[in-house]
Amino acid sequence: MAASWLKISCLLCVFGFLRELRPSESYHAEIIMGEWYNVTPDQVIRQVYPIGTYSYLALLFIVFLITDFLRYKPLIIANALAGIICWGLLIWIKSLLGMQIAEVFYGFYQAAEVAYYTYIYAKVDKQYYPRVTSHTRAAMFVGKLVASSLAQLMIGMEWMNFKELLYITVSCQVLALFWAFGLPKVESSLYFHQKPKLRVESTTASQPIETNAAEVEATKGTTAQGQETPQSSGNNVHTLWSHFHNAYTNPIALQWSLWYAVGLAGYLQITNYMQVLWKSFDDEPEIVWNGAVDAAFTALAALSSLLAGYLHVGRLKSRTSLLSLAFLSVLEGGCVLLSTWTSTVYMSYLGYVLFGGLYGFSITVASAELASCLLEDSFALIFGINTFLALIIQSLLTLVVVSETGNLNLTTPEQFTVYAYYLIGIGVLYFTGFMIQIVWKLARKSSNSNKINLN
């Protein structure tokens, strides 16, 4: 069994690695704001980028349910296919409409990532969940690191121009597509295709019991009859509702879900538009160092995530975690201000890399705290819902701060100032919540002491 789960994990990790080999991502703004397209930089910011955000939001929850219903593999294949179409379009089109269509496919590409993360949970036993989760995350980190390093090498050595990086990206998505066809099929899923249970009649008891197939094998000697009990659609809906209700009526789970959503929304918005900010600096270097910066960003985020995982296991209490995230959120806002208010792009690079390290630590702590409050089978659903909430918040930020609909007409540095204060505000809010908890605890302790004295 150990060899089986490890084999499946390795197969999926190869797909994740190939999927992340997108060197053009480090220079996305340089590409779509370059000479190859008949659009202005302002059109890209206000009419192209927002389409990807809105598409991601519109498709995520639907894709999540379809992923479970279709048993993961078809959506993994569709994910790679969407990547081929998205970056293939950017190679051949030049118009604003073509770029907007490419952004729709990019939205689906991001939404279908959920299939990659949840496929493994339907293929291995629960005891291996922590290991396979770390494997799949690590594969994506390594893929991003290799892609950004490769991009910097190609641009720094002048072996390719920015747009030619798209050919490498599309080629890697084609390889990911072929690899996806070779992934093992999923026979059961978390909700719509659950493993059937067997109703077993015992020779020593008049009451039937339910057990899994493996348990039936272990009790063959005392079993007279076994029948498969199929899962009804009503049971599926009940399971979904049970997992949802259990998570969002738990105050602790709700608290961490909220932090996960608002933190992820800020992260997505900042990483989506950071390259646009760099292009606004007057001292843009002759060699654009986006690839090297992305590599450093990914490496520091991965290291800080590992550090957070090590520190969190039995070392940080929930209240201490909350306080640490409040301070980290304020520091993240400070790093964004450093990236925005500086007069040199190199300091902006530094602020962005530090932001990545802080976010990698904080999101790992938040995820671990949230997971500890959830039913084991509900991880994918709750994290999917929280990501959906994050996209709603991100879409609101885009609508108000970036798009033409908001009518704020903020410059790119002004937009990033808003994002910085958004993160600082989250930190202040959670620090206030922490202090309220402390005061409440002390008040209850004092009240209990008075009652004891009176008695």
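Glycine too: its Cβ is placed from the backbone N, Cα and C atoms.
As the structure is a computational prediction, the values presented were derived from the model and not from experiment.
In TrEMBL this protein carries:
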TRANSMEM  47-67  transmembrane segment
TRANSMEM  74-93  transmembrane segment
TRANSMEM  99-120  transmembrane segment
TRANSMEM  165-183  transmembrane segment
TRANSMEM  258-275  transmembrane segment
TRANSMEM  287-310  transmembrane segment
TRANSMEM  322-343  transmembrane segment
TRANSMEM  349-367  transmembrane segment
TRANSMEM  379-399  transmembrane segment
TRANSMEM  419-440  transmembrane segment
Given the transmembrane segment (47-67), which of the listed stretches 258-275, 287-310, 379-399, 419-440 has the most Cβ pairs that are under 8 Å apart from it?
379-399
For the transmembrane segment (419-440), I need the partner stretch with the highest count of C-beta pairs below 8 angstroms, choosing only from 258-275, 287-310, 379-399.
258-275
Taking a Cβ cut-off under 8 Å, which residues six or more beyond the ends of the transmembrane segment (379-399) line up next to it in the same chain?
49-50, 53-54, 56-57, 60-61, 64, 114, 117-118, 121, 129, 190-191, 240, 243-244, 247, 253, 257, 260-265, 268-269, 367, 370-371, 405-406, 418-419, 422
Determine which residues of the chain contact the transmembrane segment (258-275) at the Cβ level, with the cut-off under 8 Å and only residues 6 or more beyond its ends counted.
27-30, 45, 49, 52-53, 290, 325, 329, 332, 336, 339, 352, 355, 359, 362-363, 366-367, 370, 383, 386-387, 389-391, 393-394, 397-398, 402, 412, 415-416, 419, 422-423, 426, 430
